[in-house]
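Enquirer: In case it helps, TrEMBL gives these features for our protein:
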{"type": "BINDING", "residues": "LYS26", "note": "substrate binding site"}
{"type": "ACT_SITE", "residues": "HIS53", "note": "active site, proton acceptor"}
Amino acid sequence: IDWQYEMVEALAKIPDVEIDADGTFKYILVRVKVKDGSLGKDIVRGTKSAQYHNHIFDKISPEMEALGLECECLGGGKIEHNSQDKKMRVFGESTAFGKADHSVSAEKLKPVFSGYEITWADDKK
């Protein structure tokens, strides 16, 4: 039971959202879960420094493994983050991972960016 409690703690410490402060960039929706367990959560990660969606995943995966967690990419897309106007748009898809469920990603962004207008679309551009 202690082990499970530690895993719950580890999951809780992982931020739901880590994205760039501004600009348009690739993002992925990732399911992080306890190895061999059903416990988990979905997180959003996005950055301009990633040329491809798998670059983001390749960075997260070892970090999660180190915590005793495993992750699976549920898909990707792009986030257009306009910090000045407090607007965010989630759209597009990943060639490698397919399209993320942008509605799920948008819901993840809302509590982190309260006061923002956050929209999503299944558009490619």
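In case you wondered, yes, glycine gets a Cβ from its N, Cα and C as well.
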Enquirer: For each of LYS26, HIS53, count the other CB atoms within 10 A of its CB; which of these recorded positions has the top count?
Expert: HIS53
Enquirer: Cα-Cα separation of LYS26 (substrate binding site) and HIS53 (active site, proton acceptor), in Å?
Expert: 6
